[in-house]
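According to TrEMBL, the protein has these features:
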TRANSMEM  54-73  transmembrane segment
TRANSMEM  85-105  transmembrane segment
TRANSMEM  144-163  transmembrane segment
TRANSMEM  183-203  transmembrane segment
TRANSMEM  210-232  transmembrane segment
TRANSMEM  252-277  transmembrane segment
TRANSMEM  349-378  transmembrane segment
TRANSMEM  399-419  transmembrane segment
TRANSMEM  462-485  transmembrane segment
TRANSMEM  497-518  transmembrane segment
TRANSMEM  548-569  transmembrane segment
TRANSMEM  581-605  transmembrane segment
Amino acid sequence: MAVSATNYAWLYSLIAVYGVASGTAAEYARRNNKAAVNDTGDEMRNHFGAGKGLSGLSLFFTLSASLFSAYSVEGIAWEAWFKGWFVTRWIPAGVGVYMCFLIIAPRLHALGKSRGYLTLSAFVYDRFSAPNSQYQATAHALRVITYMCMLLPIFTYQISQFVSMGKIMSAFTSNAISETTGVLIFALIMLHVEAIGGLRAVAYTDIIQGVILIIGSLVFFIASGVEFGGLSRAKEYFIAEGKFVKLPATSGSWSIIGYTSFVLRVAAAATMFPHLAMRLFVAKDRKMLQRGLAGMNFTFFWVQLASMIAGWTAVYALRDDTGVSIANQQSIFGRLALMLKTSSNFGDFASSLLVLAACAAMISTADSGLLAFSTMFVHDIYLPYAPKLFGPKARTDGFALKIVGLIASVCALGIGLALSIVNIREGKPDITGLFSIQTVTPIHAIPAVWGGLHLHWISGEAVLCGLIAGVVAGLSMVLDTSFNVKRAIGLDEHSSGWNTCVFAFLINIGVVLTVTIIEKFVLTKRAPSQVAPGARPLFIGTVVDKMFTAPLAWVAMLMTLLAACPFWYKPSSEVKYVGDMATWAFTSLFFSFILAIEVSCMYLFRWEDFKTEGDEGVDVDQERGVDVNAVSKEKFKFTGLTVEQVK
């Protein structure tokens, strides 16, 4: 006997259980932060940086949960329903992110341990402090601008999570719970967790949602086959109805160029998302981080592929559902879960668990973004500049900084909720649009972070000029309706299919190289700059990491990533099938899996611990509160200055 679709007792009960479990995890995290094994003696770091760091299951699941967000459930299922095989772009892009993390993860983790970093902007400031820049003001400008660039993904992540939660709850309950009500319920849970236990609480709730999501994805995969006919039935329907039977065109909207542009820009730009970078800084154990990143590559083939199959299945399963349309992007996930709810085989409990799994994943990601915002505000804005502006009135003790961070969290949550409610009412940009625009500004921090980590010769002035040029050009291109042809619907795309931020990023790189050449060959007689009072200039030296001494491995990975893009298929040709999947989609997934193996091997066998010049062997717990000049009595090899000369 089918379950009544108007009975939501299981859903309400599971939400209540999840809320209690999250609150318990937050309290447990608060106590663990004070335990001797985790307590750093710094209340601010205990809250925002999980004390001495995360390890074990909490580290693995928080790495996973920080990337699997609303789009992994809501957006991917909708995109698969709307655009068919094109949705496979998310898997090579996701694996590509971890390929690009190879560039920064070893060094950022080491710097997080040795210098106590929690934000990318803090690293950028130290790296380009004089004498690495001609003027100390350059380092200040870089810190503030990179901070501002990284706000965009935080708020787009928040909005997309809230809107998706609202859509799923509304679709599943046939609007018994409105979109706005769904958003507010989970926002309260999220704020409670972040306020009580900080980063450690977020990591513990990531374990809860990770287990639920793994189980939910498996149930959804099985259900799509048993109840809705699975991929084989969907394929028959595609062929009979003539859906998704052509490969994408060369250029334009949803094209081969668009697919390739998405994969390349997401792979690079997502490394600059602050909530992802924080996990690199706070990992307690290098080996656990190393193995966690190596294993994370393969989780895309569980969570995201399950959502894709659900979306493809939905094309057939929801063929007679008039409530689903392209115009309103109604939650495909929620509609399928509602169909599952009325099934005698899987029933109310399983479908309610699926909905909770999706919402829990979204809460986790939104909470990570919220914590990243408050951490960035405290470390990159309040601590450096509030004492200068307000003097002794600006308290900087650990308790005061924690309060400042919580106030920042409440403000960020309020902004995110307001924008989410506007988005729900206006309907644009949709979830696809939010993920499209979130790379517009953070991509321009790449020269400062990637270059700053590995290129000892790059100056702050060169990076600053490129950053300003790139951001200005990028914003101009996004807002120009003649260049960004999808500006009216909240997307970021040139008529060729390339995202506008790709063009702006090339301008950024070009300016950096031009200024560098001028500095090296024209302005050769400038007087060396001095270390500013209180600054901790970071000297990365000239040593090349083991990760980069195998160029053939990088060539192989890049070629594999490109092979996962369908540009080498004949555009607009007839789709052929491998089993129940289009050949070109299967090829993309196949090469993505090969890339995942390659990337995993690089993490396991090429990782090399990094030590900065002047900081050899000094752990952050020893260094905290100590001026950089007292850290080491060696010479700063990069500048040739001794400690006494720096003083």
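Note that Cβ sites are derived from N, Cα and C of the backbone, with glycine treated the same way.
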Recorded stretches the transmembrane segment (462-485) and the transmembrane segment (144-163) touching, at least 3 CB pairs under 8 Å: yes
The transmembrane segment (252-277) touching the transmembrane segment (548-569) per 3+ Cβ pairs under 8 Å rule: yes
Same-chain residues near the transmembrane segment (183-203), Cβ under 8 Å, at least 6 residues beyond its ends: 15, 18-19, 22-23, 25-30, 32-33, 38, 46-51, 54, 58-59, 61-62, 162-163, 165-166, 177, 278, 282, 359, 362-364, 366-368, 370-371, 374-375, 406, 409-410, 413, 417, 420-421, 424
Stretch-level contact, the transmembrane segment (85-105) and the transmembrane segment (349-378), CB cutoff 8 A, at least 3 pairs: no
Among the ranges 210-232, 349-378, 497-518, the one whose Cβ pairs under 8 Å to the transmembrane segment (252-277) are most numerous: 497-518
Contacting positions for the transmembrane segment (144-163) when only residues 6+ beyond its ends and CB under 8 Å are counted: 69-71, 75, 119-121, 124, 179, 183, 186-187, 272-275, 362-363, 365-366, 369-370, 372-373, 376, 380-381, 412-413, 415-417, 419-420, 423-424, 431, 434-435, 437-442, 444-445, 448-449, 464, 467-468, 471
